[in-house]
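Here's the structure, in structure tokens; my notes come after.
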Amino acid sequence: MGPTAKPSPPATTFQTSISTITTLPRPLPTPLPHCQIHPRRIPQEPEPVGPRSGDRALQTPEGDTGPGCRSTEGRKQPSVSDKVLSLGRIMDSLIKTGHLDLALSVYEDFRRDGLVEESVTYMILIKGLCKAGRIEEMMEVLGRMRENLCKPDVFAYTAMVRALAGEGNLDACLRVWEEMKRDGVEPDVMAYVTLVTALCKGGRVDKGYEVFKEMKGRRILIDRGIYGILVEAFVADGKIGLACDLLKDLVDSGYRADLRIYNSLIEGFCNVKRVDKAHKLFQVTVQEGLERDFKTVNPLLMSYAEMKKMDDFCKLLKQMEKLGFSVFDDLSKFFSYVVGKPERTMMALEVFEDLKVKGYSSVPIYNILMEALLTIGEMKRALSLFGEMKDLNKPDSTTYSIAIICFVEDGNIQEACVSHNKIVEMFCVPSVAAYCSLAKGLCDNGEIDAAMMLVRDCLASVESGPMEFKYSLTILHACKTGGAEKVIDVLNEMMQEGCTPNEVIYSAIISGMCKHGTFEEARKVFTDLRQRKILTEAKTIVFDEILIEHMKKKTADLVLAGLKFFGLESKLKAMGSTLLGS
């Protein structure tokens, strides 16, 4: 009698709870062992294909041992619970990847197969429908859950509110809240916090305050964070009185207000022009030893500047110094905040004029104001500040980069080039905006060779140069063919990528064709652009004149180079020729 195969141990049924599914992390894969050298296998006789006499498990009761016939004896079929769990996971994955309708079709198959939903199955669908804003369908599934299984608990309802709040659907949040009350489910602190936060952030602070008062009426422990959320919302809504009542309620409840609450109230008082009360609150933060930051003092500084109370402004700066503030860093932040709205730039300049007399000036502040003035088109004022900085010997690379743009806009290319050279002498790199502005200015002035050199310098110095600079080099390379077709192909590709031709691109065409092509091929490119209405008639004439002048210059350079090469320059000068200059 041959040896009998040992039966396989019965597979254990995989069971898990909702909390296990949602909270336990998946096990990490077992790391593969290091490469091992396996012993060489000795070739053996190949085993015969087909069933052996002792393999009874592979034969059917009728004795048919043909391919494809396999017995399921000893193999455990998945239980109903396993199927429900697996399908639930499939639906959850589909919903998380944005395939809600496909998940619902899986659910319909699930029901047609006679499977019974578990609570986790319902919650997967409900949360997915909440996030998609399909509220009526969600209510249908919720009703089915009540009929077939049980009423959702407070955790399930909180999850629904959170999902709807994440999508900004506040009306649906309140509808679910009413459903929860209808089911007799008492909200806990997390449910209240979720709803109040959603209502306050959604601009419905009055309703949020009603829920807060309901929470207090039930004597639920209220976290200080809820007070902070409500205070911020009331301040944003202009209801500073109610925000102050909440602060009093907070203190009466035994809490100590944090800096976030004080910052909100200080900003609120400044918004309604009650700077005196705002300053008193600031003094409270000093007395309580809170670590104040720029957000605490910025509303006060802003109010003093708007009211032109520069004495109070400077007193606050001195108090900030005593309290350990980094005053110059905070002033830089203040001016950045002020010029964030262009209409306040001139006010910022007036404040700075008063402050620099008292020693409150720095290079970053100059740079901020110069850039702001450039933005509103006040190049003369920006260059005036630049002159002050040069007198103080303080400009940095950022200052010079802004000055380059100002000089180009003012039509002073020579000074723009001087500023560029100053940056190079400092072993720094101009800003990309400065590179673009200077290259355009050089092209407008017909300094095409200098512009192309600047393009190459930019692409070699910055991580990601402008797209038009990259295409300029591509055009220069295409011009080596000597024909217009390749250049036109590059221009078409460039425009398909959303890059519109500009002066730098046109100058690259002129530069490349003068070096490698002819007048006729260059004019073919510009004619093609004019026919497609990319270039106007006037612009085409301008670039044709630049093309002629640049070709003349290149021809003259070649003649001079030839004379020098053959040693004829000195002979011409000896004969009294003045064509070559001194």
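Cβ atoms here come from the backbone N, Cα and C positions, even for glycine.
What TrEMBL records for this protein:
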type	residues	note
REGION	22-81	region 'Disordered'
REPEAT	118-152	repeat 'PPR'
REPEAT	153-187	repeat 'PPR'
REPEAT	188-222	repeat 'PPR'
REPEAT	258-292	repeat 'PPR'
REPEAT	293-327	repeat 'PPR'
REPEAT	362-396	repeat 'PPR'
REPEAT	502-536	repeat 'PPR'
TODO: Take the repeat 'PPR' (153-187) and find every residue of the same chain, 6 or more past its ends, with a Cβ under 8 Å from one of its Cβ atoms.
DONE: 119, 123, 126-127, 130-131, 133, 135, 138-139, 142, 146, 194-195, 197-199, 202, 204, 207
Task: Positions whose Cβ lies under 8 angstroms from the repeat 'PPR' (293-327), at least six residues beyond its ends - done: 259, 262-263, 266-267, 269-271, 273, 275, 278-279, 282, 285-286, 333-334, 337-338, 347-348, 351, 354-355, 358, 360
- [ ] Pop the mean pLDDT for the repeat 'PPR' (502-536) in here, whole number is fine.
- [x] 91
- [ ] Write out how many residues of the repeat 'PPR' (188-222) are helix, how many strand and how many coil, based on DSSP.
- [x] 26 helix, 0 strand, 9 coil
TODO: For the repeat 'PPR' (362-396), give the DSSP counts of helix residues, strand residues and coil residues.
DONE: 26 helix, 0 strand, 9 coil
Task: For the repeat 'PPR' (118-152), residues assigned helix / strand / coil by DSSP - done: 27 helix, 0 strand, 8 coil
Open item on the list: I'd like the per-state residue tally for the repeat 'PPR' (258-292) from DSSP, helix first, then strand, then coil.
Closed with: 26 helix, 0 strand, 9 coil
